[in-house]
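What Swiss-Prot annotates here:
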ACT_SITE  C77  active site, nucleophile
ACT_SITE  H175  active site
ACT_SITE  E177  active site
DOMAIN    2-195  domain 'Glutamine amidotransferase type-1'
Amino acid sequence: MKIIIIDTACANLASLKFCLDRLGFNATISRDLKELESADKLFLPGVGTAKEAMKNLEQFNLIDFIQNTKKPLLGICLGMQILGNFSEELNQETLKLIDFTTQKFKAKEGFTFPHMGWNEVYSSHALFKGLEGAYFYFVHSYCVGLGKYTIADCEYSQKFSASVMKDNFYGVQFHPERSSEAGEILISNFIKDIG
C-alpha cells in the first residue's frame, strides 16, 4: 500500500512521517503530482494559518489534485479546516470539499486559547473503532461547529467537530501523531479500514 503525506511545507510533516513509519506504514512526503496520483491513502497535514496553507497549495499546483482525488484523504488540524468552504482566520476561502466554515472559538470565562491539551472525543464511526472515550491532543484557536458532516465531537468552551467526513475526505481537528496510542489506533483504522 502506498501512503503519501502531501507536502504542504508545514511544520508537522516529519512527526507525522515518523509516526507512520513507527507503525510499520512506509510513508512518503511528496508534492509530485504523478507520485500523489499513485497513492492508496493520502494525508493532508497543516499547521499555521489557512491563508498560508492555501497559498502553499496554490504555489505547488496541488489544489486541483486535492479537489478531484478519489483516494481516501485524511486532513489533520489545519488540514481538516481547509477541507471546508471558508475560514474566518484572515477571511480565507478554502478547498470547498465539505460544507462548513471554520470559526474562532467563542470566548468563555475559565477557558484559555489556543485550546491546547488532551480532550475526550465521542464517535461511533469506523474511523474511531476501538476508541470509545479516547483522549486526543489538540492545539487550535479556530474550530468547526457541529453539523451534517460531523463524525466525532468534543467540547472545550463549546461543542465542536473533532472529526468530519464526506465521501473520501476525512478530517480530524486533533493531532493523531501526537496523541499516543489513541492516535496510532486512529491512523491504523484510516489506513486499514477506510476506503
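Glycine too: its Cβ is placed from the backbone N, Cα and C atoms.
Features per Swiss-Prot, on structure.
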residue : record                   : Cβ within 10 Å
C77     : active site, nucleophile : 25
H175    : active site              : 21
E177    : active site              : 25
For the residue listed as 'active site, nucleophile', the three-state class that DSSP assigns: strand
Mapped DSSP class for E177 (active site), helix or strand or coil: helix
E177 (active site) to C77 (active site, nucleophile) - Cα separation in whole Å: 11
Cα-to-Cα gap, H175 (active site) vs C77 (active site, nucleophile), nearest whole Å: 6
